[in-house]
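Contents: one structure, followed by commentary.
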Amino acid sequence: MFLIVCLVMVLAGLRVAQAATEFHAIELTGPDNRYPLISNVYSSGFIPAPEGLALDKAPDTVPAGERFGLSPDFRQHGRYWLYTRVVNLTQTSDWMLHISNFGFRQSGVLVRSDDGQVVQRFGKGGYGDTTDINTLGRAVNLNLQAGKSYLVVVELNARRGTWHPYIGLMSGQQYAAWAMHLDLAFKVAIGVILGLVVLGLVCWLLMSEVAFFWGALSSLLMLVYYLGHSSIPALIWQSAYIETDWFWWLVSSTLMTQLAFAGSFLRINRASGRWFQVFVGAALLTLVICLLATALPMEAKVRLYVLDYLVVSLVILGSGVAKVRREGSYYFIYLLGWFPVVLSMLQVVLVTQGASRAFQEVTESYKMLHVLYIQILHMLLHAVALILRVRALRDEKVRAEYLSQSKSRFIAQSSHDLSQPLNSMSIFLEHLQPHVQGLDGKKILYRLKNTHRQMSESFKSIMDLSKLESGAIRPELKAVQLNDLFARLQNEYRVLAREKGIELRFHPCSVTVFSDPMLLDRMLRNLVSNAVKYTDTGRVVVGCRRRGRQVAIQVLDTGCGMDDSVQQHIFDIYHRAADVPQKTEGAGIGLSIVRHIAELLEHPVNVISRPGQGSTFTLSVPVLADPALPRSAAADQGDSALKVSLIIQDDALRDALSARLQSWQCQVSVFRSVDEAWQSGWPAAVLLCDDAALTQTALPADAVQRLARDLVAACVCATDAALPAQWIAVSPQLLPSQLRALLNVAARRRQSPMSLDMPT
């Protein structure tokens, strides 16, 4: 009975061995061909190797059980054997057996003939042993004598799932040519990619266009990812490719930089609304998955990263499609640039999920080369899109600069024509006041004066903004005592705050800052004015906080406040919130002037606000290192009275004007001509002449105009007389009231060099 059982077992083993070896032999008919060993016709297919059984026992012990065909599942078994027969019908005995994919570990090949058997292992390195490293994998030398038949058993080992293997047999000469062509294509692709990366970084440095940086960085990370699957780890570190934690960090970093590139190219920001939230959500998902991957098993990692890749791809493609639908142009090329990468990933899905091909070379092994050239196409398309984008932005900038210059020229040319009627209107209103007796008439006169004041303030703000935009203002930095500045502003706005029934409080601040006193005064004046204007109940508080070498000047109010959407545009010209009451005065220019001065002085300004709770504007100003060196602006301004140059030929009128000016604490100097006043160097704030003196001057026209820019220049003449640009016509009949207005203009101009106020 025992003998019968043993006989049955032997016969069963022979049947299994026969089934495993039921395949045709591969006939080597020429040295110029490559012969794929993985085939349902010419091989046994992959068979799980028994646990603990060495490769040299494979010919005598064919494993029974499940066959995995041409696609071994290393997640179920870590080691597989592939049986095939080879008959060498050529005169060549030098052959190379190549195995693609660097994810296999400790692979080997057994060759048995009638003379015995030889086992060779694929080494980790390419130097000093029989293993040769090429672009796609490793190869070992086999000595196959002419006319003989061999049983070849290939052993593959892998820790987890890996790419479909390609096993090919070729002559030594054919292998050398094949490997050289692969290596050349591989190195050319790497060189092109690195060149495009360097070009992108150079463009980023030269143009300050952040999309170039993110595009170059994402491409570099993609290249590192691909090179990790190539021959480089085997050549440099003599190791197989293993998916360690750094691999998952690399994948996450690549996805994050691709999101950053897409967001910067499409100009996704907080103002983008829904798309900004989508991009932030995709970035957070990538970060969370990256953190979770360190603690999850392999299967869970793969599923999570597949999900992450799908989400990132949908966000990038969806935002690109939305941009193309709205704006088209170069955004279509940008969108087209993502499709090579998407198609490459679809190839992975088709290979891993599709049916295996049994009768031809496994071309998926060439993906290592394909992906590099796909990346080159991806980078070239995006480079073209970036170039078109830069050109479009440059055209927009040139157009905007042209419009800005045209606006500045228009304002400069029309300033004289606009200022003269406003000045005359102010004089007429002052002259009309004594003649208005009735209550209704006084109300109308009050409204007229209020309307005129608003017009004058708006005109002054427009002129100031024009000067800032044209670069005509040059800051003069010196020591500024904040206490003096706060005291001046408190005195100026105390009455307005009291009329509105709100509290205006300035906290003492003994800090001395280094800034332009007039420009800093104008910034704080606009901020305080806005705070008082938009606060109906509560208080306005102004103070400062020392922050290292900076001092933060803060203006807090309990006004209506703003939401985030309004804060994004609060410093734009002519911007006013939609919920601001219509009764609130102003054209929306004041905060735009604050922003321009802040950029000019390099004093950062920001705002924090909550609807219904108020706003806080913060201005950062550098602290003066040694406050004792220069004097404060207030002291400089208070050391001398206004200086006036008089050129009046009528003696009686000249003496009367001189006496009146001196009674107003002005210093008066009398000259015989405008030329003499010009050459004297007298630092006058006001020059007043008659039409005869102005007509007889020998100064060139540009010098006369420059004189009006340096000080307040006025001429006693008819109101319709032709005067040089920026000269003020003073009517003889209204001389006393206009003279006081001239002094007020000079005083305000000394406080702010931007001021172009005319007598009001």
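Each position is counted from 1, following the chain as shown.
Just so you know, glycine gets a Cβ as well, placed from its N, Cα and C.
It should be emphasised that the depicted structure is a prediction, and the values quoted were computed from it without experimental measurement.
Over in TrEMBL, the protein carries these features:
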type     : residues : note
SIGNAL   : 1-19     : signal peptide
TRANSMEM : 184-206  : transmembrane segment
TRANSMEM : 211-227  : transmembrane segment
TRANSMEM : 247-266  : transmembrane segment
TRANSMEM : 278-298  : transmembrane segment
TRANSMEM : 304-324  : transmembrane segment
TRANSMEM : 331-350  : transmembrane segment
TRANSMEM : 370-390  : transmembrane segment
DOMAIN   : 413-625  : domain 'Histidine kinase'
Cβ under 8 Å, sequence separation of at least 6 from the ends of the transmembrane segment (247-266): give me the contacting residues as numbers and ranges.
210-211, 214-215, 217-218, 221-222, 224-225, 228, 275, 279, 282-283, 286-287, 289-290, 293-294, 301, 305, 308-309, 312, 315-316, 319-320, 323, 331, 334, 382, 385-386, 389
For the transmembrane segment (211-227), sequence-distant contacts whose Cβ falls under 8 Å of one of its Cβ atoms, 6 or more beyond its ends:
190, 193-194, 196-201, 203-204, 250-251, 253-254, 257-258, 260-261, 264-265, 368, 371-372, 375, 378-379, 382-383, 386, 389
Let me know the model's mean pLDDT on the domain 'Histidine kinase' (413-625).
79
With Cβ-Cβ distances below 8 Å as the criterion, list the same-chain residues six or more beyond the ends of the transmembrane segment (278-298) that contact it, or say none.
160-161, 243, 245, 248-249, 252, 255-256, 259, 262-263, 268, 304-305, 307-308, 311-312, 315, 318-319
